[in-house]
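As written in Swiss-Prot, here are the features:
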SIGNAL    1-40  signal peptide
DISULFID  CYS91-CYS96  disulfide bond
ACT_SITE  ASP100  active site
ACT_SITE  GLU158  active site
DISULFID  CYS244-CYS248  disulfide bond
ACT_SITE  GLU246  active site
DISULFID  CYS271-CYS292  disulfide bond
Amino acid sequence: MRKLLIFSISAYLMAGIVSCKGVDSATPVTEDRLALNAVNAPADNTVNIKTFDKVKNAFGDGLSQSAEGTFTFPADVTTVKTIKMFIKNECPNKTCDEWDRYANVYVKNKTTGEWYEIGRFITPYWVGTEKLPRGLEIDVTDFKSLLSGNTELKIYTETWLAKGREYSVDFDIVYGTPDYKYSAVVPVIQYNKSSIDGVPYGKAHTLGLKKNIQLPTNTEKAYLRTTISGWGHAKPYDAGSRGCAEWCFRTHTIAINNANTFQHQLGALGCSANPINNQSPGNWAPDRAGWCPGMAVPTRIDVLNNSLTGSTFSYEYKFQSWTNNGTNGDAFYAISSFVIAKSNTPISAPVVTN
């Protein structure tokens, strides 16, 4: 394995130049660098891929809330066991945007051009991730079919300040025996461009939460990967003045073929135990509903019954009943939900229709 990795690393270091650009501004942020820069393999069976290097997300002064770049990943992922993404946000002397901002990382589907959210996080108040040696960690193995070869990534932060946030992102690609050699992923729903571009909660809306999914006939395992975070302080409050959807604890349900099958508990995560505990004077310690400032937003995995293989079944994402009385703004749930199909034979992506 060591010889294989040395050969692969040498090939990647000979790759050309990539660029990072801001996509919300006419003034691009350009960064010339090697596609794979300064490989750091923590173990013999791990390859480290450097991607964004001190790129800034900001607003105003010709700056952009997002940055894009093209990077070279290993072409063959059949022996990749796991892929971990690490997001470092440095904020020396509290010089960054001091608020807890919604942020995420995307990979572009090379065929369709659609951006897939591979990880979401909420920035800490006032500080960066310096207390975590490698920053925030997110398992992105489910997207390994897209994290191969020349790969486009995007990082976004819902900041409204010119001082913004600065990021470096790298990936540990761990080789070994995967559970299945092949996998494919496709979004079921993505209402996640920002905290307030999510699904309105407690009022009528036109966003589709019902879909039909068809799994390939050679699927050996399939599951849903869902990321959810709520925003807003809408009333009526729950006990303890918990407004929706940032603070109100709720249970969401996924119905498969019209039967309530999976539940997502949006409750306390223990925000006060966050190792990034230097966020004062920010209000970081109280528990939100399913997320915390300065942490990655959890991904929720729901394994589908094997009897669904090769068939078309219905999917519906359902909220707990509650009505916004309109006296304190709106409530939103930013949601992305993907279906992943795995097999030991080459597999195509599941098909999702309305």
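Here the Cβ of each residue, glycine as well, is placed from N, Cα and C on the backbone.
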**Request:** Measure the Cβ-based neighbour count of ASP100 (active site), defined as the other Cβ atoms within 10 Å of its Cβ.
**Result:** 22
**Prompt:** Checking the recorded positions CYS91, GLU246, CYS248, CYS271, CYS292, which are within 10 Å of ASP100 (active site) at the Cα level?
**Reply:** CYS292
**Message:** With DSSP assignments reduced to helix, strand and coil, which class does CYS244 (disulfide bond) get?
**Reply:** strand
**Fill in**
Whole-number Å distance separating the Cα atoms of CYS244 (disulfide bond) and CYS96 (disulfide bond) is 27
**Fill in**
Under a three-state DSSP reduction, the secondary structure at CYS271 (disulfide bond) is helix
**Request:** Round to the nearest Å and give the CA-to-CA distance linking CYS292 (disulfide bond) with CYS91 (disulfide bond).
**Result:** 18
**Item:** Distance from GLU158 (active site) back to GLU246 (active site), taken between C-alpha atoms, in Å
**Value:** 16
**Item:** Nonlocal neighbours by CB distance (under 8 Å) for CYS91 (disulfide bond), same chain, sequence gap 6 or more
**Value:** PRO124, TRP126, VAL127, GLY128, GLU130, ARG165, GLU166
**Complete:** Cβ contacts within 10 Å for CYS96 (disulfide bond), all chains included, total 25
